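**Student:** Got a structure for you, questions after.
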Amino acid sequence: MDNKPTFPATKPQTLGILGAGVWGRTLGQLVSQNGHRVEYWSRSGDRSLEEVVTGANILLSAVSMKGVASVLSQVKAIGLGTDTIIVTATKGLDPQTTCTAAQLWQRAFRDRPVVVLAGPNLSKEIQQGLPAATVVASNDESAASLVQEVFSSSNFRVYTNPDPLGVELGGTLKNVMAIASGVCDGLQLGTNAKAALLTRGLTEIIRIGTHWGAQMETFYGLSGLGDLLATCNSPLSRNYQVGYQLAQGKTLAEILPDLEGTAEGVNTTQVLIQRAKTLEISVPISYQVHQLLEGQITPKDAVEALMLRDIKPE
Ligand SMILES: NC(=O)c1ccc[n+]([C@@H]2O[C@H](COP(=O)([O-])OP(=O)(O)OC[C@H]3O[C@@H](n4cnc5c(N)ncnc54)[C@H](O)[C@@H]3O)[C@@H](O)[C@H]2O)c1
Ligand SMILES: O=P(O)(O)OC[C@H](O)CO
């Protein structure tokens, strides 16, 4: 007997995708292939935000972090249908509040389900139809299940998770480590150094994330360890590219204009350091990335500073 599931498992839905950048378009491609209707809104497009928002029963934001506060206040002014599910695929931190994107959406729409979508998802591979897996996390189990059904296909395996904060922080904080990892490869520090960086990087992510209120085990899943491995090992990652080029001696001002899309880790590092200082959380790797991005130290100085810290138990 053939036990293979058939996709799509749910009746056609209408998705409004806010932010028609690389990731918004890739996610739109996945759901269109599953037979769902997709309407895009972007600030430079010709569709009105009102049209896209009012027509959608699932509203997905793939706007980069710097645009989230402004876009959600425009959506708030328009209003959402009573059954609308909000999905956020942004991986960043808000400089004003240090909140994640989902926290901002949930504050603005307290009575609506908010679902976080995050995982090891390099868009170029997904666009090529290569297999990938992701996580949809929410406090609202039925909203997460519907979004799981909408996105699941033979190329894209979707898991639900009840810890949206942990899932979102895994995807967000690994961008800082991806910059460090690009530096590590750019300086040709070798496989031992890379393994040490990723392992201690995960420890740092867990220290921050659990202090924030996320569950430790979430960080060992796809959106934590999974996304850390993908992003820190792939030249397709824009954050990795930033680190790699810094190691080649380029400045941030020279690197950023030529990147395809947004490297959220640059902004995330700043916000993270602000939060870690206020809450007195030790983040040695993120601190060195911050100093490097600020132009205060060279990549070699950053490595030396990490290696020469006080010795301590693991
Ligand atoms: N590309 C990927 O592989 C990938 C995978 C997973 C998650 N993400 C996350 O998705 C988000 C978007 O990434 P991307 O690769 O699509 O970047 P991108 O730069 O290609 O797209 C960003 C989108 O946000 C919009 N935007 C930015 N500021 C805005 C503002 N003030 N008002 C309205 N719109 C604004 C841009 O117009 C654009 O449509 C990031 O948070 C990224 O970390 C990306
Ligand atoms: O290209 P990056 O560095 O933004 O990484 C993309 C995704 O977050 C990988 O999961």
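Glycine too: its Cβ is placed from the backbone N, Cα and C atoms.
Predicted automatically and left uncurated, TrEMBL annotations should be read as such.
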**Student:** Which of these, Lys91, Lys194, Lys277, does TrEMBL list as part of the sn-glycerol 3-phosphate site with Gly119, Lys174, Asp227, Ser237, Arg238, Asn239?
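**Tutor:** Answer per TrEMBL: Lys91.
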**Student:** Of the candidates Glu204, Glu264, Glu280, Glu294, which does TrEMBL annotate as part of the NADPH site that also includes Trp23, Arg43, Lys91, Ser123, Arg238?
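**Tutor:** My reading of TrEMBL gives Glu264 as the candidate in that site.
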**Student:** Which binding-site residues out of Trp23, Arg43, Asp227, Ser237, Arg238 lie by ligand 2, going by a Cβ under 6 Å?
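**Tutor:** By the Cβ criterion, which requires under 6 Å to ligand 2, the hits are Asp227, Ser237, Arg238.
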**Student:** Between the Cα atoms of Arg43 (NADPH binding site) and Ser237 (sn-glycerol 3-phosphate binding site), find the distance and write it as a whole number of Å.
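**Tutor:** About 24 Å separate the Cα atoms of these two residues.
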**Student:** Among Lys91, Gly119, Lys174, Asp227, Ser237, Arg238, Asn239, recorded sn-glycerol 3-phosphate binders, what is the largest CA to CA distance in Å?
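**Tutor:** Across Lys91, Gly119, Lys174, Asp227, Ser237, Arg238, Asn239, the two farthest Cα atoms sit 16 Å apart.
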**Student:** Would you kindly give the Cα-Cα distance separating Trp23 (NADPH binding site) and Gly119 (sn-glycerol 3-phosphate binding site), rounded to the nearest Å?
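**Tutor:** Rounded to a whole number, the Cα-Cα distance is 12 Å.
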**Student:** Counting other Cβ atoms within 10 Å of each residue's Cβ, which of the binding-site residues Ser123, Ser237, Asn239 comes out lowest?
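**Tutor:** Counting other Cβ atoms within 10 Å of each of the binding-site residues Ser123, Ser237, Asn239 gives the minimum at Ser123.
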**Student:** List, in residue order, those binding-site residues out of Arg43, Lys91, Lys174, Glu264 with a Cβ under 6 Å from any atom belonging to ligand 1.
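**Tutor:** By the Cβ criterion, which requires under 6 Å to ligand 1, the hits are Arg43, Lys91, Glu264.
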